[in-house]
Amino acid sequence: MSRVLALKSSILGDYSQSNKLVEDFIKNVDQDKLTVRDLAANPLPVLDFAVATALRATEDLSQEQQAVVDLSDTLIEEVKAADTLVIAAPMYNFTIPTQLKNWIDLIARAGVTFKYTENGVQGLIEGKKAIVVTTRGGIHKDSPTDNVTPYLRTVLGFVGITDVEFIYAEALNMGEDAASKGISDAQSQLATMA
């Protein structure tokens, strides 16, 4: 694997199964080719009026607005520099963590990572692979309660990342045996991608 951007988004820190799975997966990546961003330990700003205004401004930016644009540019450059994104995406209340959504809101920028054309939206970040490690307390894969998979597939595709693999660690709150099997299944899937 060449250049890797690993995103951790769990609020559980050292107790996070998604973080552990991602950390185990990237342990053999050359450190010079690895960027790790812990979105919970180092939270990004929420998309509010001030952030949205900054990202749409074209001139005469205040110092605060320029800081938002600079942060967004840095996050986008991390994506562009990577060949593979490894995303820890635990399911919280049937969706992704706020921390991961904040990252998405800062990298999905019209005219920068996607553009509108007469034929629809065109993603501008191409040639990347994304591996999404999603952990869940219950069993949600291929069911109406799984909003993580379709959302991330759509939003990553929106910016041009269409080669997306999902790794599922499910049933983590359904007893020790079920949790152990869920982790083991995810580890086996990840081992085939290393």
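Positions of Cβ are set from backbone N, Cα and C atoms, glycine also.
Features as listed in Swiss-Prot:
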- S10, S16, Q17, S18, M91, Y92, N93, F94, T135, R136, G137, G138: FMN binding site (BINDING)
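Distribution of Swiss-Prot features across the structure.
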residue : record           : DSSP (3 states)
S10     : FMN binding site : coil
Q17     : FMN binding site : helix
M91     : FMN binding site : coil
T135    : FMN binding site : strand
For this session: Just name the most isolated of the binding-site residues Q17, T135, going by other Cβ atoms within 10 Å of its Cβ.
Result: Q17
Seminar exercise, completed: With neighbours defined as other CB atoms within 10 A, the best-packed of the binding-site residues S10, N93 is S10
Exercise. Which Cβ among the binding-site residues (M91, G137) has the fewest C-beta neighbours inside 10 Å?
Worked result: G137
For this session: Whole number in angstrom, please: the longest C-alpha to C-alpha distance across S10, S16, Q17, S18, M91, Y92, N93, F94, T135, R136, G137, G138 for FMN.
Result: 17
